[in-house]
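> Sending over a structure as structure tokens; questions will come in a sec.
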Amino acid sequence: MPSAHSVKLRPLEREDLRYVHQLDNNASVMRYWFEEPYEAFVELSDLYDKHIHDQSERRFVVECDGEKAGLVELVEINHVHRRAEFQIIISPEYQGKGLATRAAKLAMDYGFTVLNLYKLYLIVDKENEKAIHIYRKLGFSVEGELMHEFFINGQYRNAIRMCIFQHQYLAEHKTPGQTLLKPTAQ
């Protein structure tokens, strides 16, 4: 697993859009994302411009030893209800090395301690066993199953909604006197 010092999050910048575009257009990366792979770069640029000051989302680039290794996003941030949707993509060459767990913890620390969110939730394909295993390891629990939620490759797919609450996360990952890891983008 990458060391604590080799993994960090930083805010998504315009210069990162080519990297994001490569991830978005990789069918193996996007197969569990319930979205069509393949979007035009101009569409991605327009989305970036439209949402650059949107307070309902925080998007981070995951870096491992200074190299771009994935994306972590807190989207649909609702400050009244103190919740957000958690999303993560790790580049194929960095998968299986514990990076998703490290990056997720950094984003969760940010969500629960900086944004003071009460709840993080996610939607995952029921058949994505690797992701579900990682999410359970991080403390997420199943809230329910969404039947025939997404139409992908000619068939409907079920999804699982999972969540974790601030008090659960802090009890598991913060001890008295310990400083939580923070993304560099505070």
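A Cβ is built for glycine as well, from the same backbone N, Cα and C atoms used for every other residue.
Grabbed the feature section from Swiss-Prot, which reads as follows:
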ACT_SITE  Tyr135  active site, proton donor
BINDING   Met30, Glu35, Glu43, His51, Ile52, His53, Asp54, Glu85, Phe86, Gln87  spermine binding site
BINDING   Glu35, Glu43  spermidine binding site
BINDING   Glu35, Glu76  Mg(2+) binding site
BINDING   88-90, 95-101, 128-137  acetyl-CoA binding site
DOMAIN    7-167  domain 'N-acetyltransferase'
SITE      Glu85  site 'Could be important for selectivity toward long polyamines'
> Ranked by the number of other Cβ atoms within 10 Å of their own Cβ, which of the binding-site residues Ile52, Ile88 ranks first?
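The residue with the densest Cβ neighbourhood is Ile88.
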> What whole-number Å value do you get for the CA-CA distance of Tyr135 (active site, proton donor) and Thr101 (acetyl-CoA binding site)?
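With distance taken Cα to Cα, Thr101 (acetyl-CoA binding site) is 8 Å from Tyr135 (active site, proton donor).
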> Would you identify which of the recorded positions Glu43, Asp54, Glu76, Glu85 has the most other C-beta atoms lying within 10 angstroms of its C-beta?
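Buried the deepest by this measure is Glu85.
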> Between Glu76 (Mg(2+) binding site) and Ile52 (spermine binding site), how many Å separate their Cα atoms?
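It is 14 Å, counting Cα to Cα.
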> For Ile88 (acetyl-CoA binding site) and Asp54 (spermine binding site), what Cα-Cα distance in Å is obtained after rounding to a whole number?
19
> By CA distance, which of the binding-site residues (Thr101, Lys130, His133) lies nearest to Phe86 (spermine binding site)?
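Given the candidates Thr101, Lys130, His133, the nearest one is Thr101.
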> If H, G and I count as helix, E and B as strand, and all else as coil, what does DSSP give for Asp54 (spermine binding site)?
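It is coil.
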